[in-house]
Ligand SMILES: *Cc1c(COP(=O)(O)O)cnc(C)c1O
């Protein structure tokens, strides 16, 4: 047995892997990664594999970016961790100020957690607690979009509508009211969704605290797009009915959709903004909820019972915040969003051969997200495609029949060519 196979075996025995049927690892063992640089993962003996999904959408600048590494090394010599109750530190202050600045100052208060699901939970709790402060404790239910994904802890699962993640735990969660999902591919779906929202709010606004959505792209649903006008209409409708909007930009924030935040394209600012995944460029776990001032002010009072009572041990960890600051710095220094904007036409041309494949339909792109549907896929398509693509040198994990790329923002033209050609090659093999 070679070294990688032996580690895979030990991993399967001792590590319970996420989102995985462990029995499948007998046929498809996990791959041992030795190192990573840029868009590339490196296996034993130096074989390189292109990480075309930024390792579950977190490695925004690829792996091991020297600027983030340098910032972390500097931070390691200064301060590892300190609790954030009664104490503070420079990275968390600077990061909060910079994120707030990105919203034009309108979301000026940052509350930190360690992962995306806890950001969802914090926003849900803040919203319901706010209404309680306003003397409306009955406003404590939530509206979510069909097929939406907001994390898998029990509270977050309540607003997540993906049966695969939810069914087994249904008895443990308090569900939300679900409105039909908008989908740019289905004419009239946005209008139908908005109509359902307006009808529901007209009858139930006294019970609803907030609506939660992933602006522009329902990612885990299979990269389902909707228009900025839809987001704008949702925000306007909720505001009209005195209901908060929580923008879950855990996946789509930080330039993924072409603008720094996806909600910007709607022209309206949400009440809460949840961020995680790309925030530290994949170096350390961190999440944050940004909140508007009037919401924050409702908690600002004499008694501790008026405060937002929520905490995590690692809240605002200095190392994570420092990595996040380095990520912010990279946006400023590289002008990556403008660069990619200028590359749009070129990139569309590069992906065209894939979208033109006879067994591919509904090719679509938004910012640095590409997706398409495979026509008439064979059984266990996603699993088989993932396995063959790895052999061909790319990390891809289709969602059902949906094939997608969400590579680092700084992917080069040559890397995109490599990705497209290896994807086509894999497609031929899997469909044969
Ligand atoms: C990944 C994701 C989450 C959950 O984040 P975790 O860090 O995995 O808990 C929530 N919302 C969206 C939109 C996501 O993509």
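Here, residue 1 is simply the first one shown, and the rest follow in order.
Quick reminder: no glycine exception, Cβ is built from N, Cα and C everywhere.
Taken verbatim from TrEMBL:
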- 56, 149, 277, 311, 397: substrate binding site (BINDING)
- 116, 117, 248, 312, 313: pyridoxal 5'-phosphate binding site (BINDING)
- 277: N6-(pyridoxal phosphate)lysine (MOD_RES)
Whole-number Å value for how far residue 248 (pyridoxal 5'-phosphate binding site) lies from residue 311 (substrate binding site) (Cα to Cα): 20
C-beta crowding around residue 277 (substrate binding site), within 10 angstroms: 28
Reduced DSSP assignment, residue 311 (substrate binding site): coil
Secondary structure at residue 56 (substrate binding site), reduced by DSSP to three states: helix
Nearest-integer angstrom distance between the alpha carbons (Cα) of residue 248 (pyridoxal 5'-phosphate binding site) and residue 149 (substrate binding site): 9
Sparsest Cβ surroundings (other CB atoms within 10 Å) among the binding-site residues 56, 149: 56
Neighbourhood of residue 312 (pyridoxal 5'-phosphate binding site), C-beta criterion under 8 angstroms, separation at least six: 112, 113, 114, 118
Candidates near ligand 1 among the binding-site residues 56, 117, 149, 248, 312, judged by a Cβ under 6 angstroms: 117, 149, 248
Local Cβ density at residue 313 (pyridoxal 5'-phosphate binding site) - other Cβ atoms counted within 10 Å: 9
Euclidean distance between Cα atoms of residue 116 (pyridoxal 5'-phosphate binding site) and residue 56 (substrate binding site), Å: 12
Where the record names 56, 149, 277, 311, 397 as binding substrate, the maximum Cα to Cα distance in Å: 34
Lowest local Cβ density (other Cβ within 10 Å) among binding-site residues: 116, 311: 311
Residue 116 (pyridoxal 5'-phosphate binding site) to residue 277 (substrate binding site) - Cα separation in whole Å: 7
